[in-house]
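Below: the structure, in structure tokens.
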Amino acid sequence: MHVTRLDARGLRRFAEVSLLPAPGINLITGENGAGKTSLLEALHLMAYGRSFRGRVRDGLIRSGDPALEIFVEWQEVRREQRRKAGLRHSGQDWVGRLDGAAVSQLGELCAALAVVSFEPGSHALITGAAEIRRRYLDWGLFHVEHDFTPLWRRYTRALKQRNALLKARARDGQLDAWDWELAESGEPLTRRRQQYLDELQPRFAALAAELAPSLGAVRLDYLPGWRREEFPLADALLLARDRDQLAGYTSVGPHRADWRIGYGAIPGREALSRGQAKLTALSALLAQAEHHAAIRGEWPVVALDDLASELDRNHQQRVLERLLASKAQVFITGTEAPPALAGMQVELTRFHVEHGQLVGG
Ligand SMILES: Nc1ncnc2c1ncn2[C@@H]1O[C@H](COP(=O)(O)OP(=O)(O)OP(=O)(O)O)[C@@H](O)[C@H]1O
């Protein structure tokens, strides 16, 4: 898919901005603080319901404005007609439209537009909290498996209920029903995640071998959130019940899942240099984008924030060559064009941002 139009109002320092990107590589340059990243945040917000720099209420709305508005139009390879989505967000409330009709859940916008973002905080996918890695898996599944979301919702709802009962010190009989519900949804949820990670494995290994060969052969392992090799989730919940009743929350299950990378040449993620952590995160994100393309028949939009400050020239070139071969639409931001682009025969669409205004492009 490729974005054909991005309009925003009240986005960080932009009173109003309108971008008409091209299908290939779109380069957005400008000085520090000009507003380049904000444009990628707008896309990310539409595709994830949040920015990669936090929630809407944490500064995404321009000072003094009551809300921000984003409008995105894009073309899908498999569909003739253009698609369009609009979002008005006040930090508390939001109103969204997709293809002219109101949406009742932000997830509807996120399901429609697929964007993979790599930005200076992306190393947290490897070195940060487990929640970031769960979100990564769930985002991928959300886009490639239509029945994943109902399963995920069912599990999340049951978990909420069980935790509320644990806090209220409910009796065992009341907990039984929710343990059953958690097990019924949590087991298939776990199988999907496990299978998804297995499918990512060869793509991830190939990308990591190309981008970060010093790590040796890499392997992805899923950690389900309970001792699954020993007993099913229903038994794990029962065994943890006394402890959970004391703690007031559910201590085992897919909401505690994680995945980790085994490295052939280093002991573990603690031994990664910052650059290696970034390249590992980028390998994971591009593996996910490739997998999405293989299943859905089209690439997600790829947004690379501040590419030159994240990767050295050699790595920039490898990533760009791979993306050029893929025909994905790519957005790259930087204070100037990444040095790797200078040596490549690439057709570029250029935009320049100055003090919250788009000039040229
Ligand atoms: N809520 C807000 N209201 C008004 N201005 C804001 C708000 N939030 C951020 N800004 C300003 O908007 C700009 C943010 O721009 P952004 O992070 O997109 O810049 P950038 O061009 O990517 O910069 P850099 O090269 O430094 O990463 C900054 O100048 C910042 O001070």
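Each Cβ is built from the backbone N, Cα and C atoms, and glycine gets one as well.
Summarising the annotation, TrEMBL assigns ATP binding site to G30, E31, N32, G33, A34, G35, K36, T37. The domain 'RecF/RecN/SMC N-terminal' annotation in TrEMBL covers 3-336.
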Assigned element (helix, strand, coil) containing A34 (ATP binding site), judged by DSSP: coil
Those binding-site residues in G30, E31, N32, G35 whose CB falls under 6 A of ligand 1, listed in sequence order: G30, N32, G35
Local Cβ density at G35 (ATP binding site) - other Cβ atoms counted within 10 Å: 23
Densest Cβ neighbourhood among G30, G33 (binding-site residues), 10 Å radius: G30
Spatial neighbours, same chain, of N32 (ATP binding site) - Cβ under 8 Å, 6+ residues apart: T335
Set of same-chain residues at least 6 away whose C-beta sits under 8 angstroms from E31 (ATP binding site): T335, E354
CB contacts for A34 (ATP binding site) [other CB atoms within 10 A, all chains]: 21
Non-site residues, in chain order, whose CB comes within 8 A of the mean position of the CB atoms of G30, E31, N32, G33, A34, G35, K36, T37 at ATP: T333, T335, V353
Other CB atoms, at most 10 A from the CB of T37 (ATP binding site): 23
Mean of the pLDDT scores, which run from 0 to 100, over the domain 'RecF/RecN/SMC N-terminal' (3-336): 94
Surrounding CB atoms that lie within 10 Å of the CB of K36 (ATP binding site), all protein chains: 24
